[in-house]
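J.: The structure under discussion is supplied below as structure tokens; questions concerning it will follow.
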Amino acid sequence: MKVWKVSTLAVCAALAGSIASAETAIAQKGLEADMVLLPKFLGILPFDQANQGAQEAHEELGNTGDLLYTGPTPENSVAGQIEIMTTSASQKSAAVMLSNNAGEQIVPSAVAAQAAGTKVVTWDSPIPSAKGESLFIAQVDFGEIGVVMADMAHSILDGEGEFATLSATPDASNQNAWIAAMEEALKGPKYAGLKHVDIVYGNDQSEVSYNRALALADKYPNLGLIMSPTSVGIVASAKAIQDEDLCGQIKVSGLGVPAEMVTYTMNGCAPEFALWDFVDLGYLTYYTSYMLATGQIEGEAGETFNAGRMGDYTIEKDPTRDAGLRVLMGPFTVYNKDNVEAAAK
Amino acid sequence: MLSSISKKLGPNGQRVAILLLVLVAIALFFSSQIQNYLTPRLFVRISTSVSIIALISVGQAVVVMTRNIDLSIGSVVGCTAYFLGGILASFPDLAPVFVVLLAMGIGACFGLVNGLLVSRLNLPSIIVTLATLALFRSILVESSDGSSITTGSLPIWLIEFARQNMFVVGGFKVRWMVVIALFVVFSMHFFLTKFRAGRQFYAVGSNPDAAEFSGINLKRTVLQAFLISGALAGLAGFMFLARFGNITVVAGQGLELKSVGAVVVGGVNIFGGSGSIIGVLLGATLIDLIDTSLVRWELVSEFWREAILGLLILFAVAMDTLLARRLLGGRKPNPSDKEPEKTKLASGRVKESST
């Protein structure tokens, strides 16, 4: 890990040297570029919100091409994503905006798409090796998510106790990166009283997540918290723990959508959780992809561009991966009793 | 002595006895592996989760008895749970009894589609329901427009229903869901064994020609089997909604595999004509017990659980078959051992006679 860190620092330093003071690119509106927004799968709220944001930017930029929101069904996520990637390239789409759920398996089709002239911009979940990817629109810094998760665990457990993680699928590169970042953060002296006992996977299915949460409760009699960095898992865990009258003993936290979590936050089962704005993420992703696809930015480190209502962003080396470039959105909000009701509306 | 016991029990009784033994053996095995295993909590976990799977498996069993299979059942549960949740979000004041009937009605509509395609168009059920498995799921994904059902939009009584106990004895909570599921299972058992209308399903499965000669309407019976399967999947969808509350478009995925597993482990002949509903209940319990226990077993990593579950199902089936043979020991190769061949012949004939 240390070696990796040092090498990252070295690369960053080298890059910093090469970055010229570029001017901010402003989008030229009304160009034609067919865009494809490809979520992990269809059917859950956060991706739908990202689509809202993308549609908003699509209107605003007056793109005369089409914006297609399409994705696989959940059970077919990996194969479906690869297929849609391939189809989009053969239909000469200008850009595919991908929330990658296929790990490295997406690479061949993404590389082929790039070769055919289709830009591949990832958002939400990147391609771990960055092969075939032009840019990654990072919702927040992945390292920072790890710290926030560790902090929420610290505050809910009052600095002392056992907790377990209930993640999405074992292939999900974003969740895996966040959990790794959280474990890194937990090494700090502040978190010495916390014990991370297990990681289980609910496959982003309500019933599987529900049963996994109960299994954690059974397996660890001293468990104080379930940390679930996925919107499906966190709400299923909260329901499971409440159904078993265990809220007094086991709390739930992680990353969730306020509208889905509001009941559990108000009744104390899930006192704190975090999330960023998926509408904004969709907006920024679309804005960046449009400019990239129409040649208004090159997609190189150090480039700065203006993304409409969200302001200026700079493309940078992604410090959380060995390779790849990112645009960092941030920040995110920690929700609790005081602000969740307003956000849920 | 064994053989005298086995004679008294009859083949279905033997099956039930063997399943009970395997259940106990597996529970004992895991209790030696997992700390705090045999507790009232385990009972609550398994019983509640089995109540959903048992309903689906019983419907599946009725279909399998008629030499068919319903692979679409997971999608039917998911669709029913989702659509029912949507309806309840708009009309939260619907009477609970009506909601249950509505769920069964929605499920039966899906069953009707399967049943008509299989019985009227004479299409093989494995293909029809494989297609509708994908079709129903796609309808759900398309019509959901990307949103999911959340507990917040559901009436309180429904959310509370999942955790309401009929009675509690020393930590053993008996949930209403469990009572309802058991009531349905035993009613179905009674119906299938004691009523003419119920015996028809066995008759159609064991010998379609003979069944037809004796005046049973084959097509109508197969249609009925799919309607029962759909309605029970609908009821399961209601319980699914109550228990999990948050319904995404993937809801119920994979239940078809579990239900077929429960039916096969429970001793229903996959070529139709025989099997007991009590066996299916035990089969469902066995699969759920293994599934739940594996999650808590330290030795098995997350990535191996599915594989081990598959292996254990195979093992259970193999053991079960071996023990059954041992108990039947000495008997000459019995006609049912050649069932696969016979089935092909018979079903071929069914097709000829109906086209």
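For all residues, glycine too, the Cβ spot is worked out from N, Cα and C.
Got these off TrEMBL a minute ago, pasting:
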- B:334-355: compositional bias 'Basic and acidic residues' (COMPBIAS)
- B:331-355: region 'Disordered' (REGION)
- B:12-30: transmembrane segment (TRANSMEM)
- B:42-64: transmembrane segment (TRANSMEM)
- B:71-91: transmembrane segment (TRANSMEM)
- B:97-116: transmembrane segment (TRANSMEM)
- B:174-192: transmembrane segment (TRANSMEM)
- B:222-242: transmembrane segment (TRANSMEM)
- B:263-287: transmembrane segment (TRANSMEM)
- B:307-328: transmembrane segment (TRANSMEM)
J.: Between the transmembrane segment (B:222-242) and the transmembrane segment (B:71-91), are there three or more C-beta pairs closer than 8 Å, counting only pairs 6 or more apart along the chain?
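T.: Result for the transmembrane segment (B:222-242) with the transmembrane segment (B:71-91) is yes.
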J.: Go through B:12-30, B:71-91, B:97-116, B:174-192, B:263-287 and flag the stretch with the largest number of C-beta pairs under 8 Å relative to the transmembrane segment (B:42-64).
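T.: Per the Cβ count, the answer is B:263-287.
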J.: As a test: from B:12-30, B:71-91, B:174-192, pick the stretch that has the greatest number of Cβ pairs under 8 Å with the transmembrane segment (B:263-287).
T.: B:12-30
